[in-house]
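Positions annotated as domain 'Major facilitator superfamily (MFS) profile' by TrEMBL: 1-276. If you look up TrEMBL, you'll see 6-26, 89-112, 124-145, 152-174, 186-210, 222-242, 248-269 marked as transmembrane segment.
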Amino acid sequence: NVVSWRTLAVISLVPGALQLVGIFFIPESPRWLARVGRVKEFKASLQRLRGKNADVSVEEDEIQSAINEMKNDEKSSVGDIFKRKYAHALTVGIGLMFLQQLGGTSGVAYYGSSVIQKTGFSTTIGTIIISVIQVPIAAIGIFLMDICGRRLLLMVSAGGMSICSFLVGLSFVLQGLNLFKDFTPILAITGITGYFTAFSIGMGGIPWIIMSEIFPMNVKALAGTLITLVNWSSSWVMTYSFNFMMQWSPAGTFFILTATCGFTVMFTFKLVPETRGRTLEEIQAYMTRL
């Protein structure tokens, strides 16, 4: 709304450059160091991550035990991630990524301006409101993850997206019936803003965190690759189809998103474990039990 897209692209180089510099200050993964036999570096890295005064002896033993147990599975093939013991983890990982995208986030984000325009609200003001709210809410979500837990925050996030999608769908229904003409644009922008707010607080980031926690090291890379493929393939499908869905029925589109986000709440409640305050070894032992 303020600068040209070329200027914005140049500005976007700055956080990328900062991230590149920041990588050099990140310690190597203790578990990877333990896996490749660099014991001294493994202990030093773990101590650095936990704090110099922290007692890491118990965690060291747990990591070493887990590494020793998986030594027989060092050379994993693609087929290994479909073993029965990984079924729960794979269902959770793929399910969350699939539902994250089928909840409409990519479509609503990429076509946000045209959606706001259809509601009759100012596109410029609407996009600014959404952007200004999203940044602090995403930051708040980081802190809430360790206060409320991943599972609860996911359900609150998906539930909020469902309610807000319903509000947007309702605004289009009222608009089609020529009812409450002055009220429907406000209802729509409230719903869209609430939708992005709810997404930022949980569904935006937590599925990626859970994905990194639920798989043991011997299949983590393979499973992570598959789940990322599912996420971006689903994103492509949603992005491609969203405009056609809006042409078919704006209200119907958002009511479908309402149902999808509502299903995400149930999926999370039934299948997604709480990982807050648990070590990776504890989480993976729980997820891979037969």
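A Cβ is built for glycine as well, from the same backbone N, Cα and C atoms used for every other residue.
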PLDDT averaged over every residue in the domain 'Major facilitator superfamily (MFS) profile' (1-276):
88
Tertiary contacts of the transmembrane segment (124-145), as residues 6+ beyond its ends and Cβ separation under 8 Å:
1, 112-113, 116, 153, 189, 192-193, 196-197, 200-202, 204-206, 209, 276
Would you say the transmembrane segment (6-26) and the transmembrane segment (248-269) are in contact under the rule of three or more C-beta pairs closer than 8 Å, pairs 6 or more apart in sequence?
no
